[in-house]
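> What Swiss-Prot records for MET39, GLY187 is substrate binding site. Feature annotation from Swiss-Prot assigns ATP binding site to LYS115, THR160; the stated evidence is sequence analysis.
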Amino acid sequence: MNSLNNLRTNNPLVICYTNDVVKNFTANGLLSLGASPAMSQAPEEAIDMLTPANALLINIGTLTKDREQDILEIAKTANEVGTPIVFDPVAVGASQYRKDFCKTFLNTVDVVVIKGNASEILALINNDAKMKGTDSDDNLNAIEIAKEAHKRLNSAIIITGKEDVVIQDNQIYQLNNGSALLAKVTGAGCLLGAVIASFLPTDETTSISQLVEATSIYNIAAEKAEQLAEDKGPGTFMTLLLDALYQVTYDDYSNQSDIQEVQ
């Protein structure tokens, strides 16, 4: 399935309720890829924004009490008009406050995809799980966490890390592309959530092939950016990642993706 070319032909509108740290980078990343971002946070305009939209991204990176009801109202409106939701529970394991909100959110709203690192996804299904800020525990078994989260949360799950894990309809793939520099740029994971949202179809059930393609395209772009950055570091890499998202092609995905099905 060539979802990337379809994306660039149709310029899908992605409504982003995302955190304050990453709005600019997320918007520029989506524009570079070929999507159309709108950074909307007002429930008063939700129905107008979401009716023509292809997807909604909800990212709780800078969650506050004042924003809780707005997030819930916007997400419920997306459900009402049939706009698919990607949920990014940033640092959910770092505080009980975030765990409680995510539990309320997932009990109230239907989401198509939940994306996070292994520690974040574990915290959604295990209230005792802990995190240090947004950092993930590399010793966790991402595949087993993804399986359990998929079963309990009834959503596609994408776990990011050195290798990424994607599960949908009980099919599981491990994706081995990517760059270590992604972990050195604030907002790189948040941008991936928006990229995944831009690949979601509005008129059919999201397939695992679309989720695998979206995640792999992003990671292949990151590999290209790292090569071009040479040894210059994260600042150069961040700018080159936007260029790489603009330049990456479906042929790159076909020829360079490193994907393993997990039995």
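Glycine is treated like the rest: Cβ placed from N, Cα and C.
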> How many other Cβ atoms sit within 10 Å of the Cβ of MET39 (substrate binding site)?
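Result for MET39 (substrate binding site): 14 neighbouring Cβ atoms inside 10 Å.
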> State the count of C-beta atoms found within 10 angstroms of the C-beta of THR160 (ATP binding site), not counting that atom itself.
27
> I'm trying to understand the geometry here, so how far is the Cα atom of MET39 (substrate binding site) from the Cα atom of LYS115 (ATP binding site), in Å to the nearest whole number?
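Rounded to a whole number, the Cα-Cα distance is 19 Å.
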> Secondary structure at MET39 (substrate binding site) (DSSP, helix/strand/coil)?
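SS state of MET39 (substrate binding site) = coil.
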> Pop the Cα-Cα gap between THR160 (ATP binding site) and GLY187 (substrate binding site) into the table, whole Å please.
13
> These are the binding-site residues: LYS115, GLY187. Which one scores highest on other Cβ atoms within 10 Å?
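The residue with the most neighbouring Cβ atoms within 10 Å is LYS115.
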> If you run the three-state DSSP split on GLY187 (substrate binding site), which class comes out?
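SS state of GLY187 (substrate binding site) = coil.
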> Is THR160 (ATP binding site) helix, strand or coil when read with DSSP?
strand
